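Taken from Swiss-Prot, the feature transmembrane segment applies to 7-27, 82-102, 115-135, 161-181, 199-219, 251-271, 287-307, 322-342, supported by sequence analysis.
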Amino acid sequence: MDDFFMIWLLPLLIIVGKTLLLLVVLLVLVAYLLYADRKIWAAVQLRRGPNVVGPWGLLQSFADLIKFVVKEPIIPAGANKGVFLLAPFVSATLALSTWAVIPVNEGWEVAKINVGLLYILAISSLEVYGVIMGGWASNSKYPFLGALRSAAQMVSYEVSIGFVLVTVILVSGSLDLTTIVHKQSYGIGTTLGFPFNSFLDWNWLVLFPMFIIFFISALAETNRPPFDLVEAESELVAGHMVEYSSTPYMLFFLGEYVAIVLMCALTTILFLGGWLPPLDVWWLNWVPGIIWFVLKVCFVFFWFAMVKAFVPRYRYDQLMRLGWKVFLPFSLAMVVITATFLKYTGFA
């Protein structure tokens with residue numbers, strides 16, 4: 001009995017505990033990042049934003065949660081009921097499951113696997129199924145058109161993201177996210193004679209063009225402005241979510257924002273040194289790594305929100321041209337250049 005507990009039950013309980021803790025922290029983080037998104041957008045437009053529920057409106061996201069949960073879900077008469085209700089669960093579950101391999105600090109991940117980057121890419125490519133299911137099951141042309149747009153957009157920019165990840169893998173020599181962070185503890189800043197490890201060693205500097213491509217592709221992959229053609233209010237209203245209400249709509253919304261925070265976390269890990277402090281000095285090393293990680297995620301999300309506030313929406317043909325005719329050839333060329341440089345210089 002003791003062997004069964006130590007070998008099987010205890011590891012299972014630890015994994016379940018880690019998962020529940022991550023889920024609670026992630027949902028709270030998403031709630032306040034959504035609040036920050038609305039506040040930033042309001043500030044740019046000289047409005048006050050959410051300011052009624054709780055002090056300074058800090059409880060607005062939780063009030064919205066209660067509102068969605070207590071509402072009655074309405075299913076269109078001609079909809080495929082099973083697929084219609086399954087689609088938002090698929091979207092939210094896939095978005096949440098990618099966080100299993102995200103290390104928020106040294107050794108702080110639910111599942112430690114040495115191909116974490118490949119796992120994230122694989123799960124992210126499946127998220128399009130939830131969108132397609134929701135658009136098709138609604139039995140309406142507008143959700144279906146929005147779903148087709150979303151599928152084409154996500155597939156188009158996943159290619160560029162894939163090539164960006166290849167360059168990071170070439171520089172780091174690993175698919176393990178923890179190893180990728182460790183590799184950024186020394187780099188071009190140290191090579192150029194900077195007295196101690198710093199933010200100049202992170203991948204954002206040595207791979208700056210790929211950093212920009214990844215950031216813009218992340219906006220397109222998550223259907224954020226200026227690439228929110230899926231939810232173009234003047235054309236398709238809310239895209240594939242037009243016929244959804246109540247809890248199913250909330251699950252789609254949750255999946256969308258969890259995916260956005262995931263892209264912010266990936267940007268932090270791949271290019272901004274993960275949980276590493278900006279300067280390797282004792283008074284910054286004293287700050288826990290998870291604090292640096294969360295601050296960097298919030299910094300990236302701030303720019304996600306600012307782009308939404310001041311960049312106008314692209315036309316659909318411009319969106320596709322940017323992905324296939326600009327980002328794809330440029331990222332492919334960068335892969336070749338990076339691989340050639342590493343082979344003939346010996347840097348790694």
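Cβ from N, Cα, C; glycine included.
Small disclaimer: the values here were computed from a predicted structure and weren't measured.
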Practice task
Six or more residues out from either end of the transmembrane segment (7-27), which same-chain residues have a Cβ under 8 Å from its Cβ atoms?
Solution key: 96, 99-100, 110-111, 254, 258, 261
Exercise for the section: Would you mind listing the long-range same-chain contacts of the transmembrane segment (287-307), meaning Cβ under 8 Å and 6+ residues beyond its ends? Expected result: 29, 33, 36-37, 40-41, 44, 104-106, 108, 215, 219, 224-226, 260-261, 264-265, 267-268, 272-278
